[in-house]
Amino acid sequence: MAAATMALSSPVMARAAPSTSSALFGEARITMRKTAAKPKPAASSGSPWYGADRVLYLGPLSGEPPSYLTGEFPGDYGWDTAGLSADPETFAKNRELEVIHSRWAMLGALGCVFPELLARNGVKFGEAVWFKAGSQIFSEGGLDYLGNPSLIHAQSILAIWAVQVVLMGAVEGYRIAGGPLGEVVDPLYPGGAFDPLGLADDPEAFAELKVKEIKNGRLAMFSMFGFFVQAIVTGKGPLENLADHLADPVNNNAWAYATNFVPGK
């Protein structure tokens, strides 16, 4: 169950995207922006990821994509069996949710794997398995970040929740509102202070980065789902599960665990 493959770059089948404008992100958001500069095109002509001649979900074996999937947005591979992209307003909302969750999943997958990787290479900083580290907040002694009580010592899950709501609510509000002056046109890719390295300065490179982001984000969401299932079924971290599988793939695989798993035991 080696789910930590978020760095792959092969195309992933995904919900595709209809043509829509930034106004579909909600009337309330548009009124919060004081300026509305024309957004840059998604990509130049000739890109393999955009337009009518883009890469499709089954390559040359793909059927004709629905008429509303024009290849305007990153991650559109012409596949929408359930018709989730048929309604432009519904699609605009789902597209935003997918991008935001993709970003959180990429951060989460890294946070699940990296501490365990360090621990397996001799770095000592307390509990390395992601779900076991988090559960320490419910112990009598509380949780020490990085195993060091002099850094951050947390004892209340409610306090952590409140801090998260305030901090993340402020950042999300800033993003959705278009910055302090409401000058950002696209809340999904706000740029400015959210792009200190200037990765979006080149339109063609930026269009390709959008594709890489959504592809890796979709893989990361599957990875996080796999990490949760592994934690419930095996009680081990993702790297330990990977090591067990490589050592004995016949007895340590998804099918073997699924046929022997008994909830609560």
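Using the three backbone atoms N, Cα and C, a Cβ is placed for every residue, glycine included.
Secondary structure from DSSP puts Tyr57 (chlorophyll b 1 binding site) in coil. Around the Cβ of Tyr57 (chlorophyll b 1 binding site), the number of neighbouring Cβ atoms within 10 Å comes to 19. The chlorophyll b 1 binding site annotation in Swiss-Prot covers Tyr57 and rests on similarity to another entry.
Every protein chain considered, the tally of other Cβ atoms within 10 Å of the Cβ of His101 (chlorophyll a 2 binding site) stands at 16. The chlorophyll a 2 binding site annotation in Swiss-Prot covers His101 and rests on similarity to another entry.
Sequence-distant neighbours of Ser156 (chlorophyll b 3 binding site) (same chain, 6+ apart, CB under 8 A from its CB) are Ile137. As annotated by Swiss-Prot, chlorophyll b 3 binding site applies to Ser156, Glu172.
What Swiss-Prot lists as chlorophyll b 5 binding site is Gln164, Phe261. The Cβ of Gln164 (chlorophyll b 5 binding site) has no same-chain neighbour under 8 Å that is 6 or more residues away in sequence. DSSP classifies Gln164 (chlorophyll b 5 binding site) as helix under the three-state reduction.
Note on Lys212 (chlorophyll a 5 binding site): other Cβ atoms within 10 Å of its Cβ, all shown chains, come to 13. Summarising the annotation, Swiss-Prot assigns chlorophyll a 5 binding site to Lys212, Gln230 and lists similarity to another entry as the type of evidence.
Under the DSSP three-state reduction, Ala254 (chlorophyll a 6 binding site) is assigned to helix. Residues annotated as chlorophyll a 6 binding site in Swiss-Prot, with similarity to another entry given as evidence: His245, Ala254.
For Arg33, the entry in Swiss-Prot reads N2-acetylarginine, with the evidence type similarity to another entry.
The phosphothreonine annotation in Swiss-Prot covers Thr35, and the record cites similarity to another entry as its basis.
Positions annotated as transit peptide by Swiss-Prot: 1-32.
The transmembrane segment feature in Swiss-Prot is assigned to 99-119 (among others).
Positions annotated as transmembrane segment by Swiss-Prot, on the basis of sequence analysis: 151-171 (among others). Through the fold, the transmembrane segment (151-171) approaches residues 137-138, 142-145 of its own chain, all at least 6 residues removed from its boundaries and within a Cβ separation under 8 Å.
Residues annotated as transmembrane segment in Swiss-Prot: 180-200 (among others).
The feature transmembrane segment is assigned by Swiss-Prot to 219-239 (among others).
Classification of Gln230 (chlorophyll a 5 binding site) by DSSP places it within a helix. A gap of 15 Å separates the Cα atoms of Tyr57 (chlorophyll b 1 binding site) and Lys212 (chlorophyll a 5 binding site). Using a 10 Å Cβ-Cβ cutoff, Gln230 (chlorophyll a 5 binding site) registers 23 neighbours. For the binding-site residues His101, Glu172, His245, Ala254, a Cα-Cα cutoff of 10 angstroms around Gln230 (chlorophyll a 5 binding site) retains Ala254. Classification of His101 (chlorophyll a 2 binding site) by DSSP places it within a helix.
Applying an 8 A CB threshold to same-chain residues 6 or more apart, the list for Glu172 (chlorophyll b 3 binding site) is empty.
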